[in-house]
Amino acid sequence: MGRVISSWRVLAVVAALMAMAAVELCAAIPFDERDLESDEALWDLYERWQEHHHVPRHHGEKHRRFGAFKDNVRYIHEHNKRGGRGYRLRLNRFGDMGREEFRATFAGSHANDLRRDGLAAPPLPGFMYEGVRDLPRAVDWRRKGAVTGVKDQGKCGSCWAFSTVVSVEGINAIRTGRLVSLSEQELIDCDTADNSGCQGGLMENAFEYIKHSGGITTESAYPYRAANGTCDAVRARRAPLVVIDGHQNVPANSEAALAKAVANQPVSVAIDAGDQSFQFYSDGVFAGDCGTDLDHGVAVVGYGETNDGTEYWIVKNSWGTAWGEGGYIRMQRDSGYDGGLCGIAMEASYPVKFSPNRVTPRRALGAKETQ
């Protein structure tokens, strides 16, 4: 695997991770049992929360959402008070959203529905990492300079695009030695044959779009807007373009196979992120109650082990740096569940890249390139 980018850039990445942890702590709003003693105290906490997170609510909406806020605050308090679960929760910017609203707004890949409809693009045959042996005990592609900063999808169900981009950014850095931030908005606007922008999509389909359209452009050339738009062919054709040769799927329901892939590159995965404990995750190794309704696309960028021997996946999310551990979550590895915790090993895939990147614009967006 070796060095991906120069040492000074790796140091910059480590410094950025430390800065994100500081941002995460500042983003939390503390409360204690006195804030739960009465509805009046909870209402005061609710108003402090709105001011802290800059969440404007008109009077009628505040009253409508207050019930969800109370339930969430009590849930967070009881979880942290019990302790012993290896992870903590905190009152973040999602504080007055009920579970169904949260799932519909921020966990919108609709992966299960799209696969049931037979809309997943076919992968390249085989699993190129099948023969990998003697895996390192820990891998962190952030520290190898293959992961860009945490991004924020906003109120757009574009998690699939962010998951795709993390994996493509990673393999591009590994193959070329250059870390380049790529455009999620191009995928939202232009990859519309089988994906649906802010209404959901599949990472496999996005990989195939990138392959057949001759690459994906940079974030600076085609910046994120958190909304569906018309494909801007002028922006999308701007060079340089990062090229891939397709994608492969990780053998389903095998965390061992997933580890082989992650040891070699960041991997896109679909998970069930609709649980209340996932919504308010703060820090530690997450081992919450979640099913396998795969509704959210994220990327595994490493794995490791705590001092007490708990194994975990390092997962990059797209809900900004104020959520979780600076925008990341450590999820329990080898949990004993079929498909892994929250289904993390059920639908994993990664881009394959051997071809050089383009230094000239594409001919016409959407026209398939000859291979």
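Backbone N, Cα and C define each Cβ position, glycine as well.
Sequence annotations record features per position, and here Swiss-Prot assigns active site to Cys159 (among others). Its Cβ placed at the centre, Cys159 (active site) has 29 other Cβ atoms within 10 Å.
Taken residue by residue with DSSP, His296 (active site) is part of a strand. Among the features that Swiss-Prot reports, active site is placed at His296 (among others), with the record citing sequence analysis.
Using a 10 Å Cβ-Cβ cutoff, Asn317 (active site) registers 29 neighbours. The annotation active site is assigned in Swiss-Prot to Asn317 (among others).
Look at Cys198 (disulfide bond): DSSP puts it in a helix. If you look up Swiss-Prot, you'll see Cys156-Cys198 (among others) marked as disulfide bond.
Taken from Swiss-Prot, the feature disulfide bond covers Cys190-Cys231 (among others), and the record attributes it to similarity to another entry. Secondary structure from DSSP puts Cys231 (disulfide bond) in coil.
Cys290 (disulfide bond) falls outside any helix or strand according to DSSP and counts as coil. The Cβ neighbour count for Cys290 (disulfide bond), using a 10 Å radius over every protein chain in view, is 21. Annotated disulfide bond per Swiss-Prot: Cys290-Cys342 (among others), in sequence order.
Taken from Swiss-Prot, the feature N-linked glycosylation site applies to Asn228, supported by sequence analysis. Less than 8 angstroms from the CB of Asn228 (N-linked glycosylation site) sit Cys156, Ile188, Asp189, Gly197, Cys198, Gln199, each of them six or more residues away in the same chain.
As annotated by Swiss-Prot, signal peptide applies to 1-28, with the evidence given as sequence analysis.
Closest by Cα distance to Cys342 (disulfide bond), from the active-site residues Cys159, His296, Asn317, is His296. Here is what falls inside 10 Å of the CA of His296 (active site) among the recorded positions Cys159, Cys190, Cys231, Cys290: Cys159. Note on proximity: among Cys159, Cys290, Asn317, the recorded positions of the record, the Cα nearest Cys190 (disulfide bond) is that of Cys159. Comparing Cβ neighbour counts within 10 Å across the recorded positions Cys156, His296, the minimum falls on Cys156.
Spatially, by CA atoms, the recorded positions Cys159, Cys290, Asn317 include one closest to Cys231 (disulfide bond), and that is Cys159.
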